[in-house]
Amino acid sequence: MAIERTFSMIKPDATRRNLTGAITKMLEDTGLRVIASKRVWMSRREAEGFYAVHRERPFFEELVEFMSSGPTVVQVLEGENAIMKNREVMGATNPADAEMGTIRKVHALSIGENSVHGSDSPETAKTEIAYWFSDTEIVG
């Protein structure tokens, strides 16, 4: 089993409801370690840059508005198969389809306000981590 790093974000719908600790505990309970974390309020420009891959999608404008509407918590997680573990504990994008006990089943309000984001591949993880963290901010 490979030790990996992945990117995780707790979105504004969850931070508004003071769920940062509960969600982080769910992540840590899978064996993942938080090796970097900070609370940020994304500017519109930061949200557009972070979600640039979705620029041509019909939901892009709504996504940017939502992500810049309140604080988020950005984190780097580390552990065995961290990307897969993080995605499993997050649950399906649509909370209606998420398995019981996953973050989205427990905490998400809707498909748009689904509480968390996580990298889907090693390449994406590397890019997303570098977007928010310098090497000196990641302390394993």
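In case you wondered, yes, glycine gets a Cβ from its N, Cα and C as well.
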Swiss-Prot ATP site partner of LYS11, PHE59, ARG87, ARG104, ASN114, selected from THR20, THR93: THR93
Cα-to-Cα gap, HIS117 (active site, pros-phosphohistidine intermediate) vs PHE59 (ATP binding site), nearest whole Å: 16
Assigned element (helix, strand, coil) containing ARG87 (ATP binding site), judged by DSSP: helix
Tertiary neighbours of THR93 (ATP binding site) (same chain, Cβ under 8 Å, six or more apart): ARG104, ILE111, ASN114
